[in-house]
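Below is one structure, written out as C-alpha cells; the observations come after it.
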Amino acid sequence: MSFIEYSETIKEGDTAIVFLGHESMFPVKVQQGGKTQTKYGVIRHSTDLIGKQYGSKVTCSKGGWVYILHPTPELWTVNLPHRTQILYSTDISLITMMLELKPGCVVCESGTGSGSLSHAIIRTISPTGHLYTVEFHQQRAEKAIEEFREHRVDHLVTVKNQDVCKTGFGVTGVADAVFLDIPSPWEAIGHAKSALKREGGRICSFSPCIEQVQRTCLALEEHDFTEINTLEILLRVYNVRTISLQIPDLGKAAGDNSSADLDAGSQSNQDASCTNLHQGAVQFKSGVPLREMVAHTGYLTFATKCLF
C-alpha cells in the first residue's frame, strides 16, 4: 500500500480506511493477529482484512458490515490524527492549482503540522518530484517522518526540524513553489525567495488574520514578487429538494365581465375548471442551505517571483 500507488489487496502493515458511513470512518494499521472494534463488532485483521481486496464489504462479529477503502490524501485529510489545525480539500485544491503543481515539481513547505497538505502535494508531484517540508516542533516533525515512512512516500519527502524564519528551507534555487503556514510568514519571505528557482516560481501563504496578510503582502513587494493577490474561500453546502406550493388564486381577468352572452353550460364548465385550478398545487426543485455556512478558516495569498 502506498498513498501514491494503488494496490489491489490488503497487506500487513497497510494503513486502511474503515468506512462505516459518510460521517463515520477511521484509519487502521493492518497487523497480523490484530483486532479492531467497531459498533458493528470486531474486525479480525488476519481473517477479515489481510489478502482481501480494497473496497471489500467486511462482516463484523455482530453481523454488521463495513467497507475497507484504500487510503488517499482526501480520505487521510478527514481521518488523520490532529496535531495542529489542518487545511481541508477546499483550500488544498486551490493551492495545488494556483501553485501550478505537477509531476516532477520541487516544493518547499512550512510548517508540516499534521501532514494534510503534505500528502496532497506528494501525490501531485510524484513520481519524480520532491517535497522539502519544515516543522518547528520536534515531536511533530518526528511523527511526520514516521507517517511518511508508514505510507511509503518517504522517498519523495524530506522533513527538517528547524525554524524556517531563521534558517530557511535548507535548499537554494531549486523550488518550483513554496507554501507557508506559519504565524509570521513575512519573516520567511526572503528565505522563500532564495529557495525558489531563478526562472521564477510561485509562493502561497496561508494566514487566518487579515493583519498577517497585510504584512505578508508588504514583504512580498519588498522582495520584488509580482502578481500578488489574496483569496478567501467560504464553503456553503446546499440541499436540493422537491417542495409543493399552492397555485395562487389571482381572480378573474378584467374581460370576464363582458362575456355575459356565454351560455349557462359553458359558464358552468369554466367555473368548475377554475375551481380545480385554484385548488391545485405545483411541485418544483428548491435549493436550500443544508447547514450554516462553514466558518472562515483563513486567507490564501499568492505571488510570483519576479523574472530578471
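Cβ coordinates come from backbone N, Cα and C, glycine included.
According to TrEMBL, the features are:
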| type | residues | note |
| --- | --- | --- |
| BINDING | S114, G115, S116, L117, E135, D181 | S-adenosyl-L-methionine binding site |
What other residues of the same chain, not counting S114, G115, S116, L117, E135, D181, have a CB atom within 8 A of the CB centroid of the S-adenosyl-L-methionine site? T84, I86, L87, E109, G111, T112, G113, S118, T133, A144
State the count of C-beta atoms found within 10 angstroms of the C-beta of L117 (S-adenosyl-L-methionine binding site), not counting that atom itself. 26
Considering each pair of residues in S114, G115, S116, L117, E135, D181, all listed as binding S-adenosyl-L-methionine, report the largest CA to CA distance in Å, no decimals. 13
Taking every protein chain in this structure into account, which of the binding-site residues E135, D181 has the most other Cβ atoms within 10 Å of its Cβ? E135
Cβ atoms near S114 (S-adenosyl-L-methionine binding site) (within 10 Å, other residues, all chains): 22
By a simple count of other Cβ atoms within 10 Å, which of G115, S116, the binding-site residues in the record, is least packed? S116
